[in-house]
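Feature annotations, reproduced from Swiss-Prot:
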ACT_SITE  57  active site, proton acceptor
ACT_SITE  82  active site, proton acceptor
BINDING   79  Ca(2+) 1 binding site
BINDING   176  Mg(2+) 1 binding site
BINDING   208, 212, 214  Mg(2+) 2 binding site
MOD_RES   57  lysino-D-alanine (Lys)
MOD_RES   57  N6-(pyridoxal phosphate)lysine
């Protein structure tokens, strides 16, 4: 199937940047002297936890919805998401005046469900361990004439996600390595398009939770591997497989897929809070955790870390901080 896909290019990322700039935040790039000393390197953190609705997903959602025709806008959109894409679609739809229905798992963080509803999205719940959300979405969209905007496997979505890395490179210049959180691959594939444009020799790494290493398996096998829903605190990376669009780009433009443990994620979450004074959700800690694990190989290099988001329940966050 992937052989017939027309894959996005960097030009699509650049176009997305123009399309979303009126509404999307140009998020800050932070540095930490503590991290630079620990790594003996220059490390730059692109903080998408400061994006509208708290995560990079706003970029892709807004880019995709902005390109719908009038009939599609009037009928409305449908998506399925564990949280951040749900909020992103709900907020983007609200901004553009488009009705939105969102299929969310019963165990999605309450903060993400509440925010999605708060932005005006109509939430439909499902059991992620029993139900097939993509099948549900197909049935509802066909019945109601809605346009499905999937969380990651969509050319306009992944092009939008790539705008975060584009901004990072434009602000700090060439990098030797870029670490990107990996769930379904929208952020990683979009970031890889940007990295190859700005710094062709930059090593691009995707990072998954150990329990959900479908991307790593796929990368090594050369074809998409499906797994059961992984049990991990990185709720934004509980995807069961990469997408056709995302994997097609990842296998060509990414250097490797790494994994980290939940314990490493908690260590990074606590570091972000204590030393950098920022709230980062567990999934957003994937990139830094992997860079820390291989810091010996990164000495005297310029490193980019994309923090994917900061949407975490306060009670859950407090629990992680106390561990």
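From the backbone N, Cα and C atoms, a Cβ is placed for every residue, glycine too.
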Notebook entry, point to check: Which residues of the same chain, at least 6 positions away in sequence, have a Cβ lying under 8 Å from the Cβ of residue 212 (Mg(2+) 2 binding site)?
Noted result: 227, 230, 232, 234, 237, 238, 239
Checklist line | CB within-chain contacts under 8 A for residue 214 (Mg(2+) 2 binding site), separation at least 6 | finding: 208, 225, 226, 227, 239, 240, 241, 242
Next item on the list: Fewest other Cβ atoms within 10 Å: which of the binding-site residues 176, 208 wins that one? Let me know.
Entry: 176
Item checked: Additional residues around Mg(2+) 2, ordered along the sequence, whose Cβ is within 8 Å of the centroid of 208, 212, 214 -> 182, 183, 209, 211, 213, 215, 216, 217, 227, 230, 237, 239, 259
Margin query: A 10 Å Cβ contact count, applied to the recorded positions 79, 82: which residue has the minimum?
Written below: 82
Next item on the list: Restricting to the same chain and to sequence separations of six or more, state which residues have a Cβ under 8 Å from that of residue 57 (active site, proton acceptor).
Entry: 84, 85, 87, 88, 151, 161, 186, 309
Next item on the list: Whole-number Å only: compute the distance from the Cα of the residue listed as 'Ca(2+) 1 binding site' to the Cα of residue 176 (Mg(2+) 1 binding site).
Entry: 36
Item checked: DSSP-derived class (H/G/I helix, E/B strand, else coil) of residue 214 (Mg(2+) 2 binding site) -> helix
Notebook entry, point to check: residue 82 (active site, proton acceptor) to residue 176 (Mg(2+) 1 binding site): how many Å between their Cα atoms?
Noted result: 32
Check: Per DSSP, to which secondary structure element type does the residue listed as 'Mg(2+) 1 binding site' belong, with helix, strand and coil as the options?
Finding: coil
